[in-house]
Structure formats: C-alpha cells, structure tokens
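One structure is given here, and the rest of the page talks about it.
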Amino acid sequence: MNLEQFHRRQPIVLPLAVCVFALLSALLARSALAAEASGSDPDWLMMTVELLGGLAIFLFGMMQMEEGLKAVAGERMKGILARLTVNRFMGVGTGALVTAVIQSSSVTTVLVVGFISAGLMSLSQSVGVIMGANIGTTITAQIVAFKITKAALGMIAVGFAMLFIAKSDKTKHYGEMLMGLGMVFFGMHVMSEAMEPLRSFQPFLDLMKSMDNPLVGVLIAAAFTALIQSSSASTGIVIVMASQGFISLQAGIALAFGANIGTCATALLAVIGKPREAVRAAIVHLLFNVCGVLIWLPFIGFIASFVTSISPSYPDLSGAARLAAETPRQIANAHTFFNVANTLIFIWFTTQIARLVEWLVPDKALEEEAMIVRTRFLQEELLSTPSLALDQVRMEVMHMGETVNQMLKGIMPAIIKGDREALEEIRKMDDTVDILHAGIIDYLGRISKQQLNDEQTRELLQLMEAVSNLENIGDIIETNLVVLGYDRIKDQIQISEATQGVLNGFQQAITRAVTAAVQAVAQRNQRAAQVVTGMKEEINQIADSAALHEARRLVAEEPNRIPAYTMEIDLIEKQKRIYYFAKRMARTVLPAAILQRE
C-alpha cells in the first residue's frame, strides 16, 4: 500500500481513533468513583496506547490483505461477475464469491453499478448479487474468530519476505495478503491484551451490560460502523470484546445486526451525485439489511440458541473463561446465519424489490440527468485496484465514443440540409466530449499514482493516447466540419444529389472506422484494431474517387462551382484526418510485431 492509498483510508482510521478515545475518556471520568470504592484503577494511559496501537495494526492489516486480494484476483472476479449472473441464484453465488475473494462489498457494488449503467446487468439481477455480497462479507468475521495468535508473527515475517524479496508481482501480492492476515491476528491479540484489565473494572462491565438491550446494541453498532465506514473493523472489535468475556452472545448478535445496517452508509455516501443506477443499488443494499434486522431482531434468542448448538463448545471451562472461548465463533456464525437466512427469504422477491426501488428512485429526472454531463463509470472506490480501475476507463471510453459517433452520424446530414439546430447540437456534443476527456485523463492520472506493474503502466499510457485521439476527432468535427456547415448556409452553396451520395458514402466509411477503433480500445480487441488499420486503402480510394468527382464538377457550368469545390474538398480532407486519428487509436491496441508488418 502506498501513501496515496493510505490517505484515502484516513476517513476510516481517524474517526475510529476518536471513538475509542471518547469511550475511554468517558470511562476515565467514572473510574475515580470506582477506584475509590474498590481501591484499584487501571493504567489508562498504557491501556489507551496499547489499544490504539493494536487497532492500528488490525486496520492496517485489513487494508493490506484487501489490497493483496484485489490485486491478485480483482480482474478475474470482475469477469466472473459479468458472466455468471444469468439468474438470481447464480447472482447470489457470484456476489458471495467475488466479495469473499476481494474482501470488499463496496467494490462489488461499484462493479454492479457499472454493469447496470452499461446495460450488461438488470437491476433485478443486481439484487441477487448484492445479497450475495452480504454473505461474502461474513468471511471476515469467520477469519478473525480464529485464535492463531502464535502463528501471527510468523505470517507477518513470511509475508514481509515475499513482499520485499520476490521478483514476481503475483508473489509480492500473495506476500501482502499473508502479512496483512498476520497483522489482523496480531492486532486483535494486542487489543485483547490491552483490554484485559477491564475484566475487573466494574463501570466498564456495567456499560457492557447495557448492550444486552438488543435495540441499544443495534443503534450503537450502526452509528459506530457508519462513522468508521468499515463493518469488518466493527465486527473485529466485537469479537475482541467477546474474547475477553465483556459481552454476551445476544449482545454480540445485536451489535453484528447494527454493523450490517451501518455499513450501508458507505454505499449511500458514495452515490451522492451519481447516476440513478448507483443510487438504486445503494437503496437495495439498505432495504435488504434494514428489513433483515427488523425480521430477526425479535428472534435474537432463537439465533443465539441455534448458533450455540452448531458452534464449538468448551464444557471444561466455566464463567468468563468459557464465554471468552465460545462467544467469538458463535458471533461469527450468527453473522453468517443472519445474511444467509435473509438471502433465502428475499431471493424469491428480487423482481419485486427491483420494482420497489425503481418506484423509490423514479426515472422522472431522466431529462434533467441527461443535461448534467459527467463520467458514468469512473469510481473513486476502484482506484486502489488498478486492474479494475483501468477496466472502468475502458467502459468510459466506450461512453465517450458513443458521443463522438453521434456527432459523426449527424454532421453530414446537417451540412447537406443546412440545419442550424443540428449543427449547434453537434457543437454542444463536443463540449460533452471535452468534459469526458478531462475526466478520463484526470482519473488515469490518479491511477498512475498507484503501484502499477509494467503491463498496467503500458495499458495506462495506451489509454491516455487513445482518449486524446478520440478527443481530437471531436475537435475536428466541432472546429472544422461544423464551421463548414455554417459557411455552406451563409454562402448558400448548393450540393448536388450526386455529390451528396459521395459525401455520405465517405462519411459512413469513416464512421465504421471510428466505431471499430473505439471497440478495439474499449474491449482490447485486436481484430477490430486490424480492421481499422486495414481500411487505409479503402479510405484512400474513396477519397480519390470523391476528389475526382469534385474535379469533374469544377469544369461543369454550375453556379458557385468554385466555392462548392473548395468546401467539398475541405470536407473530404477533414474526414481523412478523422480516419488518421481513428487509426492511431486502433494502433495503441496492436502489439509491436503486428505494427512492424504494416
């Protein structure tokens, strides 16, 4: 993890530290009375230092593990997510698998939003994926419930060696994962040791008893998780507290429920100002978790009994020691049960949920939304995973290419008909292209600050060049062809039917080339790129034929034949220039071996 990635995680770490300080300060204020009565007082300064240090190690380990997992499997998981969501059940399984592997339901949701925006997935299909993502997040609780503290330092050492000695990027990422996992366990151990003196501190024990009220536990955990924007951190802290015997199983379940609601705040904040597809996906997530908590809250006792019966027990222990040994795994199992049971209940209603969300977030703002020019696929949350972020750029290139193609398809009819409104609309489209170009370049610049391997660096540079070429095409249409259209209206130049046919035929060939070039870049399609580069002879022949046609018209006795000849030759030259940039776009996709043969 580099400095840029760490800075983006600060909103998680800082509020969490503030919360811990606030809690300890409140307990410190009450400690004087307790110390006076009992004659004992914990070392608050040392406890605070150890607790925050352990917390920092735990959170940093979570980040390291997540970054390693996403780097190793992120792109593969995106492909799985795109292919295996043909029905609601496959969607649930795929969402669970992808989230379990990349350890981030937020990333899964962002990918889902991108697929919906691109028309690759319906909202109804996405409901199943989001349900599965909730199941996938429970793997974190299952991992941290293990007690393998003795192996933690060894994992950190081996992971560190792999990260800094290995030459292969993949091996380094595996080392990052292993070191992160070791830091998670070691951080939990440090926090657990720091909190041990609180076992005999009555004010703290009294505070923990208030968690036995399920509603209080849900609200506290929801607020805490919303503030720190990490359900994994909340769950880890709950399990640490359970491992010290501070909270009962029922209190731990209530806190896990609250964490499920609080984690929705991350998605809700992320969709502010985003297209309606993103808002709908976040609302699906919120409805699923809130409704699930409302259903199961009255049955916490039943869940506690059920997970007790299926979890390991330690009858040879008693009292707080037994509670500390059994409760962490029971809470993790309850967390998994809650999300699996919710999915089994709601999976049958994905279509109805999608309709409800579409009603809550209607399409009535479509026209207003269309007037707001913005990138559609570039998501902040994916910057820490360059492979996924670069894929989003490709989708945005397709979005930008669609606008350029609209300009191309409209420009020749607008010139021929002398349609001022159409020419002005095309001019406005170029403003859209400029905004998308600036957004993509800015996003690529931010990706460049991440840790990129050689292939990703090459890909980033290729995308920068391709996007600039696409923007140049938009500029030619706006600054040259639109101006020629206005000149044709001003000078009242007539274009014969024969010439209209020639110009339209040329424009169609150019449009095919640009469409194939955009496809080549967006899909990394070398065949499409070769189609574009292979059109060179065809384009030259059409241009020569058009020029010959114009030369024949020049000798004919036609009014305004000189201005008409000048304008029409200019149209041909500008369209040849557009092909030049389309070919440059396509060449960014082709390997050096193919380029050398051209």
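Placement of Cβ uses the backbone N, Cα and C atoms for every residue, glycine included.
Sequence annotations record features per position, and here TrEMBL assigns signal peptide to 1-34.
The feature transmembrane segment is assigned by TrEMBL to 44-63 (among others).
If you look up TrEMBL, you'll see 84-104 (among others) marked as transmembrane segment.
Annotation source TrEMBL lists transmembrane segment at 110-132 (among others).
Same-chain residues lying 6+ beyond the ends of the transmembrane segment (144-165) with a Cβ under 8 Å from its Cβ atoms: 171-172, 174-186, 188-189, 235-236, 239, 243, 328-329, 331-332. Summarising the annotation, TrEMBL assigns transmembrane segment to 144-165 (among others).
The feature transmembrane segment is assigned by TrEMBL to 177-195 (among others). Residues 47, 50-51, 53-69, 72, 143-144, 146, 148-149, 151-160, 162-163, 236-237, 239-241, 243-244, 246 of the same chain sit 6 or more residues outside the transmembrane segment (177-195) yet have a Cβ under 8 Å from a Cβ within it.
According to TrEMBL, the transmembrane segment annotation covers 215-241 (among others).
The transmembrane segment annotation in TrEMBL covers 247-271 (among others).
The transmembrane segment annotation in TrEMBL covers 283-307 (among others). With a threshold of 8 Å between CB atoms, the same-chain residues lying at least 6 positions outside the transmembrane segment (283-307) that come near it are 109, 123, 126-127, 130-131, 134, 214-215, 218, 249-250, 253-254, 257-258, 260-261, 263-264, 267-268, 330, 333-334, 337-339, 341-342, 345-346, 353-354, 356-357, 360-361.
Under the heading domain 'PhoU', TrEMBL lists 398-478. Predicted-model confidence for the domain 'PhoU' (398-478) is 89, expressed as mean pLDDT.
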